[in-house]
Structures are given as structure tokens and as C-alpha cells.
Amino acid sequence: MITYRVRRPITAYPRVDWRKSLHPYWLFCVDCVTFPPWEIVRSVNLAPKALLFLQVNSFIRKPCIRLVRWMFFDALMLLVILANCVTLAMSSNQPGFSDSSTGQAITRANYAFIGIFMAEAGLKIVAYGFVFGKYTYLRDGWNILDFIVVVMGVLELTSLGNYTFIRSFRALRPLRAITKIASLKIIVESLFRSLPMLGDVMILAMFYFSVFGIFCTEIFKGQLYGRCGAPAFDQAYSVYQEDQLSTQMIFNVSYTVSSTTANQVCKGPLSSDQIWYNVSNTAVAAPFSYIGGLQWGYACPYQPSSNPNDINYPSGVFCTNYGNPDIGGYRNFDNILITWVQLYQHMTWQDWSYIMYATQAAMSWWTWPLHIFLVIVGGLLLANLALAVIFLHFSKYYNEAKAYAVASFDLSHYSRKSSQMLSNDPQVAHSLPSEDSKSVLAPRRTTLVVSGVLDVAWQWFRDLNYSVYVSSWFLHLTTFMIVGNAVVLAILWYEMPQEWVTGTTNANIAFSCYFVLEMLIKIIGMGPRQYAADSFNIFDFFVTLLGVVDMSLTLAPGVSSPGTLSVFRTFRLLRVMRLARSWEGLNRIIHVLLSSLVSVGWLTVLLFMYIFITGLLGMAFFGFKLDSCPQVSNAVQICPPGLTWMDCPPHFDCYVPCNSSIALSWFSVPGSPYGNKAYCEVFPRDLVANFMQQNSTLQIMSNTLQNGNVVPSSPVPNMTLLDQLQFWAQVGQPTTFMPNYDNIFQAMLSTFIILTTDNWDSNMKTMMVLTQSPWLPAFYTIITMTLGVFTVLNLFLAILLNNLDELVVLSPINIKEASAQDRDEVSGPHLLAGAAFLKQPDHSAEYLGNIAVPHVMDLDLSNHNQASLVQELLREEMLIKSAAKVLHKPPSGSSNSQTSRSSEIACKEVDGHVGAGRACSTCRRACSTGFSRQRAACIKPGDSFK
């Protein structure tokens, strides 16, 4: 009989029992709908008396305690908060929205939500007590936030005070979701624990703004209003001098600034210093000397020019007090508040150079050292100091935050009743997968011997494909094809010749065929299950599949939709990411980025909540207020009389007033989009016929009286009705500012634009002009940027830096160095026993399977370096077990402080070792949970604690 021993490594994957895997989730659902035992509920942080007379076992207080500490109650309140967020997002400041059916439904829903929140607060006050005593309702900061939201909701119902201000507190309601999500709550609390050091940075920033704000105000106030203007003699007059009757002086000379010079700040020569004379009916300025030049500011070209195209034709131009044409004139240093805005622009590097150029033109070129110093101190030192403080202090609590984020998905952490049931019921405990059974699910390496012609041929073919797959030349060829495909994809431009299009298309088809062949070689050589076990292979499979679809659509007759083809061709670029497999450094960085995306999941939720809340505030303050009618002077936005909000557009059209003499006719309006004309209409429009009849009657009466005839009997005009009419002429639609806050989507997009610091100063100043309230947009923009950019967004960078630090620690070079350095320091009976245990091949595989570190199965124990690494893993395992014993089984009679110190010693022993990253991070998570006195089961079976 023909036999064949398979040469490739064979990995056996056992069958997964989904029933046992899903059983903990069933227990979690059971715990959600059942009340926890009263002994557990009353044992955690309760005041002896609530409201000064309710005992813990009172028939009134006891059900409230059980209800507010019921898991389903928190889940239900979280759903209510999310529903309230939806209604808040649907609300609008559009005129007349409150009278619509949607607006009335939202108003009724708001009453219901306020009632639910009041009921929740009442239950918690009865359960915990109000304020007197420890562990009462208002002794918790999160409950204070809930109470403020409830009180402002009640004030909103009473309509007392500033309605817009009170209504803006609706935006704080989504913050209540933080109290219902444990992982999000611990991250925010970790951030709050970092605030003391951030407070020191804020004090330093206040010193920066105070000192330089006063200094810049003293130097630059009133200096940025000069513009070069040409003299105008339309209103001027001449007067003879008393001593020289032949010389006429010209007075009341005005200066006109053209659009070409309106943006150029100047220093001199000043128009107020000029003396004009009438010499032979020609205006001539008195001779003077002006020392100008770049170093002393910008000098206007005061010498007359004979060229009509020059700005100084015919009498020269002089620096006159014109004003600041910048958006609303807010680029100045006239007071301390507007100076702080300019300093904040230096701090955020936003258009600070324009401010520097303006001061150079107004005063001296030597103002640049001051502006450079402001940028360095504010933008480089203070901003990065805030990042450093957040990174250093937040990283101390970040491991605890990650432990809670993982524990939020650990079902045993939520249910103490289920844990007790599992420990007491042997049948249920036997039905769940244990740690030993988990180790059985790990893949095992085996050998395979086959017989039979077909089986031998098939296995030989698979071995051939596997040898091709693991060969170095195949790897280099694949890398070359990926780079070549990227180059071909880059050869693309608008109106590319057809021969180039054909050539690149054929090249892409060839590349797609090669990648399909490569995928088949790997699947045949490795097997489908081993191929799918690698996430990169799954990525390759989908990219190759999309390439096949693209190739099929390209070759298919009758398919010529450029949109469909361009979508699939875009996915070809993903093939470049396959270089990460052969590029070790890039591979590690991509893994860090992917792990960072997982780590910042809850921070992403926090960022979304921040953008949502600030968007709601923007809707309350600026919704449907950022529009204007700049084309026509004296135009206003109105919904004319007789029209409802349903008849008018969301942003009201622009109208100019007119009178009855030109009613129902066209008249001239400069700037009107209708050929500089507008049509004067009569409002309400249903009275147009009455107006025309009355106007005709008045005309007949006037003509009859002029001819001396008797006035015929006719209806007397109703002058009272005529007085009720209004006459308006529509002159186009308003200019709507983008970004705006008209709805929640635009509001969140506008907030995100602010957080990216994209043109925030121009947007803020435009809002200051349109709202005619300069300081509300300024405070909103600056506070949103300060909290968002320097706090929330810095958390993402802090987490990325923390993961990059782990990348450096856990890199293969550092692991080998740490292994070589610690190999001589390893001692103790546990490690010696483990090393002796490793010498037995049969037992080493069994023990390593129980450790549950997947990459250990690929180690070659005959290799000295890899065997040393296994010894390091054994040492980690022993240390983690000792830490687990201290954390979860404290000795009888020992105090909590002793347990904490013992836990800290055990964790420091593991933290001092850099060998096995997974084991160290596991022990750190266990220790952080132990230090917070949480006895939840944060030690997972996958971490192999016995």
C-alpha cells in the first residue's frame, strides 16, 4: 500500500460548542430581569437614615433601594435618555416650528421626559437621602448633574427667567448617559482625576493671557484703523488767508478709500496733518517731509501721479481713519476681551500672521519678535504642556479604565447572584466551559500519514503549494506585484489617452489574476480553516474578491457605468496594505493603530456626546439666526402679513418697504437680483382686490373734482381697511452662512469644524456680525475649542502614545534583550520546576496549552532563545498566580490595607518584568481592579488563572 507522510505542519481545530459559549449571555439576561438579593443590595454604601426619618428596612425606602439598584432600572433609564436625545435632535429654532404637529409632539414628549426624570430623582432621594449624611443623593457629583438637569426642566415648564438660557440646559441631558455606562463613567472620572494638574496649566494660561493681553492692548489699541484714502473736494471750500490775500486755503477736505486699499493698514502720512491750498484752481498739498519706509510702518503713496490707473492719481493718497474692514472690525486690540481673542489665535496658530502684518504696517516692522514669542509660548509650550499633563496623569488611570471597559462585557461582573449560583450548583458549573476545557479548544499541531493514490496525490499537491507559499522568492514576487499594482493605479490623470487606458486596464487584469492564483495557493497549502484563522488572510480574500468583481465588470459586455466601476477600482488601493505582512515595522504600527481603535471605543462615544451636546447648544443659540441680506441696503427678513410660517421659507426672504403710490408696480432698487428692480406688493394678499377697488374709486373722485363736475354716488373708500395694509417688495433670498446650526446634523458638523480649528476665527467673527451679539459666539467658540481640542481630543493622542510605548516595550528586539538580561536573574523553586517540566516534550505542550498564549504553540523548544522565552512565560505565570491569590483570596484576619499592599507588591514584581506582554497586562488589570476594591471576576479563563 502507498503511504505518504505529510510534510507541512498540520493544525487540528476542534469543534466549538456554541451552547456552552452562549450560556453566560443567557445568565446575563436572567440577571437583568431579576432583583438581586436584599442582603447584597443593602450591604453597599447606604446612609442609615434617609430624609431624617426613613430607616433602611422601612417599607417605603426598601422598595426604592431595590428598584434604583436594579440592573434593568439603569438600562431602562438609559433608553429613556437616548429617546430624549432623539427628540432634542428633532427640535428646531425655525420660526413657527412650535406650532407644527412635529413641534407639538416634541413638546408633549418633553413634558413626559421631565416627569420621568423627576420620578427617578424622587426615587433616588427616598432611597439614598437628599443631602444630610454620607452616601446621600447630592453627595455624588453625577447626581448633582442629574438634579440640575431636572431643576432646569421644571423651570422650563414654568417659563421663568431667560427662556433661551434655561432651554439650553436641555443639552446637558445626554450627559446623564455617562452615569448609566460604567466604562464611560470610569473614563470620565479618570479625566476628572487629572484636572488638578490641568488646573495648574490653566492658571499658567491665565497668567499668559493677562500679562500679554494688557501689554498688547497698551501698544496696539486704536492702531489698526488707518487706510490710504484719496482726497475728495466735493464739499470743500476755499478761504483767503488774512496776511496773504493771494493764497487760498482749502477746508473740509474728505478722503475716499477705494476697495483696492481697504485691506492695507497704513501709518502715514496722516490726512489730518495735511494743509491744502488752491493754486490756480488746483488743489495742492503743503510741502512736508515724511520719513517712511518698511521699518517704520506702511507709507501711503502721497506723491501725485499723472497715470489714471494709479491709486495716487491725481493728488496722492493719505492715511486716514477709515475703520477696520475685517469681518465686523474684530481684528483689533481696543479692549482686553478682543485682545484675548487675538492671543487665542496665536495660541491655536490660526491667521496669526495676518495680525502680525497688520501691526507691522500700522507701527513698525520690529513687532515680529512679539508675535513669534506669543506663538512659541502659547502654541508650543502651553498647548503641548496640556497634552503632556493629560498623558502623564491620565495614563495612570488608563489601565483601570481599560479594565472596566473589558469588565463591562464580562457577564460575571454584573451578576453576583449568578456567580453564587454557579459556585453552588455543580450541574450548572459542569455545563459551563471551564479553564481546562478552554485549553482544549486551542489548536493542536499533529502529524498526518495518508494512504491511497488519490489521497497521496492530493496531499503531495498541498505540500507543494505550501512549500511555494512559505518560500522567500514567492514572498518577494508578491511584494513586487503589490508595488507594481500601486504604480499602475497611480498612472491616472484626467483625459488620459485611450492607449494608456487600455494598457493600465490590461495590467490590472493581470495583477488580479496573479492575486487570485496566490490566494488559491495559500488556501490549498494551508487549508481553509488555517487560512481563515489569520485576519490578514481574510483581508486579502475580500480585496481579491473585489478585484475579481472589478475584472468581471470590466470584461463584461454592455457594462459601461463609470460609477459602478470606479467604486470597485477604488478597493484596489487596499492591496498596498498587504505590504504590512512583509514589512515588520509597518505591521507593528498597524497593529498599534488597530488596537488603539479598539481602546478608544468609549472615548469615541465620549467625543460623539461632546459634539452632540455642543451642537444642541449651538442650535439653541444660533439656530436660523446666521443669515442676512447684504445685497440690498435697508432690506429686512420678514414673513409678510397674511402669510403663515408654512407659506414662508425656513429662512425668510429679503424685503424692502414701499408705499401705496407705487403699489402693484415695479420700481428701482439698487442691488436687487431682478435687474435692480423690485415689485411692490400689497399685504395681506387677500385684500389686493379691495385695495384696487378703493384705489380706482379714489382716482375717479380725484378726476371728477379736477373737472368741476359733481361727484357721482359711489361707495366711500374704507380708510380704516387701507390703513391696515402693508407694502413690501421682495428683493431676493437671504445669504445663509455656512457652517450653521439650523439642524442637529449641520450643528454637529459645524462643531467638528471648530474642533479641527479650520478657519474658526473667520467663522466666529461672521457669527458675531450676524447675531449682533459679539460675545456669545466668541465664548461659545473658544470654550468649545478649549474643552474639545485641549482635553477630549488630547485623550486620543494620549492613548495612541500609550500604545506606542507598549509597542516599543513589546517589540521582538526588546523581548530578546529582556530575556537575555533576565535569564540570569530568574530563580526560585517555581521557575526551576517549570524548566524541568519543559524538558519533557509531552508535558510541555500540555502546560503551554493551559497558559493560553497562542503564539507559544509556534515555538521551537530545541531553540535556546525560544526556550528561554518560554521560561520567561513560565515565570510570568507563576507571578500572576501569586498575585491572583492575594487579590481574590485574602488571608483571614488581614485588613484591606494589608491586602492592597500585598497586591501592590505582587503587581510590582510582575510590572518589573518585560518578558510576556499579555501576562503583564493581565496582571496589571487584575491589580488595578484589586486596588479599587472591586471583587468582580476580572481574571478571565483565557488568562489561565487556576
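Every residue gets a Cβ built from N, Cα and C, even glycine.
No curator has checked TrEMBL annotations; they are predicted automatically.
What TrEMBL records for this protein:
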type	residues	note
TRANSMEM	70-91	transmembrane segment
DOMAIN	71-401	domain 'Ion transport'
TRANSMEM	111-132	transmembrane segment
TRANSMEM	144-166	transmembrane segment
TRANSMEM	201-220	transmembrane segment
TRANSMEM	372-394	transmembrane segment
DOMAIN	472-806	domain 'Ion transport'
TRANSMEM	473-494	transmembrane segment
TRANSMEM	506-525	transmembrane segment
TRANSMEM	545-568	transmembrane segment
TRANSMEM	589-613	transmembrane segment
TRANSMEM	778-801	transmembrane segment
Among 70-91, 372-394, 473-494, point out the range having the most Cβ pairs under 8 angstroms from the transmembrane segment (506-525).
473-494
Looking only at the recorded stretches 70-91, 201-220, 589-613, 778-801, which one has the largest tally of CB-CB distances under 8 Å to the transmembrane segment (372-394)?
778-801
At a C-beta cut-off of under 8 Å, are there same-chain residues at least 6 beyond the transmembrane segment (589-613) that contact it? List them, or none.
85, 89, 171-172, 174-175, 177-178, 181, 183-184, 187-188, 401-402, 405, 577, 580, 744, 748, 751-752, 755, 787-788, 792-793, 795-796, 799-800, 803-804, 806-807
Looking only at the domain 'Ion transport' (472-806), report the model's average pLDDT.
82
